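Here's the structure, in structure tokens; my notes come after.
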Amino acid sequence: MTMITDSLAVVLQRRDWENPGVTQLNRLAAHPPFASWRNSEEARTDRPSQQLRSLNGEWRFAWFPAPEAVPESWLECDLPEADTVVVPSNWQMHGYDAPIYTNVTYPITVNPPFVPTENPTGCYSLTFNVDESWLQEGQTRIIFDGVNSAFHLWCNGRWVGYGQDSRLPSEFDLSAFLRAGENRLAVMVLRWSDGSYLEDQDMWRMSGIFRDVSLLHKPTTQISDFHVATRFNDDFSRAVLEAEVQMCGELRDYLRVTVSLWQGETQVASGTAPFGGEIIDERGSYADRVTLRLNVENPKLWSAEIPNLYRAVVELHTADGTLIEAEACDVGFREVRIENGLLLLNGKPLLIRGVNRHEHHPLHGQVMDEQTMVQDILLMKQNNFNAVRCSHYPNHPLWYTLCDRYGLYVVDEANIETHGMVPMNRLTDDPRWLPAMSERVTRMVQRDRNHPSVIIWSLGNESGHGANHDALYRWIKSVDPSRPVQYEGGGADTTATDIICPMYARVDEDQPFPAVPKWSIKKWLSLPGETRPLILCEYAHAMGNSLGGFAKYWQAFRQYPRLQGGFVWDWVDQSLIKYDENGNPWSAYGGDFGDTPNDRQFCMNGLVFADRTPHPALTEAKHQQQFFQFRLSGQTIEVTSEYLFRHSDNELLHWMVALDGKPLASGEVPLDVAPQGKQLIELPELPQPESAGQLWLTVRVVQPNATAWSEAGHISAWQQWRLAENLSVTLPSASHIIPQLTTSETDFCIELGNKRWQFNRQSGLLSQMWIGDEKQLLTPLRDQFTRAPLDNDIGVSEATRIDPNAWVERWKAAGHYQAEAALLQCTADTLADAVLITTAHAWQHQGKTLFISRKTYRIDGSGQMAITVDVEVASDTPHPARIGLTCQLAQVAERVNWLGLGPQENYPDRLTAACFDRWDVPLSDMYTPYVFPSENGLRCGTRELNYGSHQWRGDFQFNISRYSQQQLMETSHRHLLHAEEGTWLNIDGFHMGIGGDDSWSPSVSAEFQLSAGRYHYQLVWCQK
């Protein structure tokens, strides 16, 4: 029977979800994850606890447009319209309601603490049985690890409690509500609450019970909290494990706590004590707490490089040794501190190779499973990341355990963001919102502070700087002085942060925004009185085809010790799978669900696609972050290790000298490099090739044995140097055959054997080529000065909000996309050994000349067509995206072969990871399937390209695919692209960089812009 105080009407009348002073009702205090083992050996080995029962699985679910629409009868029994959904899940992924993607703008009308009357509500119910022994003794708790955004809980028709903060557990005592036989849970989840105003993160806005639900049975007298910390002497040869244990229940003199420390099967230390701590003040000590200190000689230290872990088992027992319960956690002996302007781990200055990670899955929304978490960690480790920022909320509890075990440094961030407020600190400077903010910070610390991987606490993200931040900064520093605190809001260098932690500050360029200037990172270090380390909390915005200029950051990080790295934005594209009318899956972004407001494709900023397939930019990050650096002097390779703690023990250095991709000599040397040490490797006398070509020395560091995070043969580092080559002159082969030139009113036609070339005299273009009777071109060869806009080219510009400073808008305004060619010259001459076609075009828009292109085509007796191009750029037109040629080839070949930089896509400001070699890949691999189509697939530094029956030689960049730049520009999603007839070839003499410092302002560095007034390039085109 539902009591009147438990009724739905009473709960609705209170409107707890619109009261910032009510963040919970009856929720239990925060603590580290518990399992309440009743066997200490099971606790030591982390076996499943019989006292912890998962409630994940099928629940009954009914959706309503508002909480007032929920019938009172639902508290007693399932509704006829109820469906079955899997918990954990987001209800939007089951077709209820729509996910909303927005970055800054709140998805609801801003009127804190009030939310819309139309407040989608999900009603979950589950019927379950409880073990009889659980009812007879002890306490049974229910734990919701994550519910978005707020919920009320009933058990057997009786109201239990209320919780909000979607990213931390809400735990309730069910003991008084359970009964023998069947029990029924009813959970009413509201999409919007006053807490939503603190959760304005750049992500999909989804709802539901999206993390695990479990029951935990603890004894009446129980461990209610425990906290472990490690202390060291100066040289880390001796350590102390401090374990503070708190109990609740009936305090008896015979109660004891034993803390034992294990390394595998070996007990390292152990201590036992009764409750009653040290005297705190004139009123005495805590009777329900005790601190034990265990001495450890020569501890094996924890780091991301060598994640040594011990296991601490905390036993609550009687004086005669009878175990009441045990809790346990992994322990990493490590020390984090800031000293002399440097962030130190175990006394060594860290270089943060970090990335921001949202919890996202293309099929499951914000539900994380262990397989996905492990996959993310393995990919991060394999690509030389050593740190992750939990952007922008505490993650699933398992994530931290995995980071402890595999080795990643973690910035644990409170679930606070008020980016859409004006000003941003409207709530964070308001004392009425301090309780809500406080719970989000303090409960995060209380849950996660036992994890060695957590090396920095973060007060949240993009919430301005308010007095509440200062208060919470001081709380953390008082409760946990063992870790620094960072917070970017208010300018990245306020009194609420131990680390200067800007986002998107540039290496050398100041961005003097009012009140919150972003100085260049080099300048920031030298500001008067500034002594803190600088670690970018976000940098290198990896949206679409991006990460240009990444190497510039890493040059600065290695040059300035107090520039200690940063966290790339971000790890994974947040696209979601939808299905078309035929059941085919496609990747969706903001607006594709009818969601308003929305920020389109801005949710896709990842180094990996949503399915965790790497973007090409990930390879650039891997290369720049590699832990081995190389220098070549003569025939000596100097290898420097940037590992702080790890001596190389699983690395071979492979070296190879190749001429135009053909190996001439190679060798292998085991690496034996101490942490932060060097090794000199003497190469033998290198061969001197007799023929012309590019001579390259390539070194690769290979791991011969598999590790916890990589397979055998994993390449962790590499470098290339171009070596000096012998000078040689290649004389053209004499041919007694001269191509035949035929002139008509419309065309110049050149014929040589079974090959023909046709130039249209009215357009001045190479209009067709034949090999025998087969046409080779579907479109003429013409100049190209534009590209399908990248996200970085578009910036924040969109149909309803034009940003005139965006590259794409500047190109459009100047007429680059609309320019048409006016023929200035088209002549043909027969030379002694060749036919020469000379053309000139003025590319014009609205009567204004933007470019003048002059070309010569020299077709000789060998059938080669040498093309020389000279381009003049108008001084008052924006720098073009590219200067090159394009055509649609008739052939569709299976593979592409080239001599140049590869194998992955590379651009002028993102090519340090690419290697010069001869590459051969399927045509499909030349296209990068960015969800939002754009320019893609470029390969730079090309000396030779072979495709079908064609060959091109010179010094150029190219991309080749089934999609034209026009189609890429006009198509909103990759699944809407259609393979066109033939193959589109773009050959560029010059291509602008792609940028990537951020994606909302022009970020291509000056040295990678096409700012010259004249350009010259050449290439040779022949048929095989």
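Note that Cβ sites are derived from N, Cα and C of the backbone, with glycine treated the same way.
Quick look at what Swiss-Prot lists:
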ACT_SITE  E462  active site, proton donor
BINDING   N103, D202, E462, E538, Y539, A540, H541, N605, W1000  substrate binding site
BINDING   E417, H419, E462  Mg(2+) 1 binding site
SITE      H358  site 'Transition state stabilizer'
SITE      H392  site 'Transition state stabilizer'
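Cα-Cα distance from H358 (site 'Transition state stabilizer') to H392 (site 'Transition state stabilizer'): 7 Å (rounded to the nearest whole number). A gap of 14 Å separates the Cα atoms of Y539 (substrate binding site) and E462 (active site, proton donor). Under the three-state DSSP scheme, Y539 (substrate binding site) falls in the strand class.
Among the recorded positions N103, H392, E462, H541, W1000, the ones whose Cα sits within 10 Å of the Cα of H419 (Mg(2+) 1 binding site) are N103, E462.
Just so you know, the Cβ of E462 (active site, proton donor) picks up 22 other Cβ atoms within 10 Å once every protein chain is counted. Sequence-distant neighbours of N103 (substrate binding site) (same chain, 6+ residues apart, CB-CB distance under 8 A): D202, H419, D599, F602, C603. Spacing of E462 (active site, proton donor) relative to E417 (Mg(2+) 1 binding site) is 6 Å (Cα to Cα, whole number). Geometry remark: W1000 (substrate binding site) versus H392 (site 'Transition state stabilizer'), CA distance 20 Å. Of the chain residues outside the Mg(2+) 1 site list E417, H419, E462, V104, D200, Q201, D202, H392, T418, G420, M424, G460, N461, S463, G489 have their Cβ within 8 Å of the site's Cβ mean position.
Around the Cβ of H419 (Mg(2+) 1 binding site), a 10 Å sphere holds 19 further Cβ atoms from the protein chains shown. With respect to their backbone Cα atoms, H392 (site 'Transition state stabilizer') and E417 (Mg(2+) 1 binding site) stand 8 Å from each other. A coil conformation is recorded for H358 (site 'Transition state stabilizer') in the three-state DSSP classification, outside any helix or strand.
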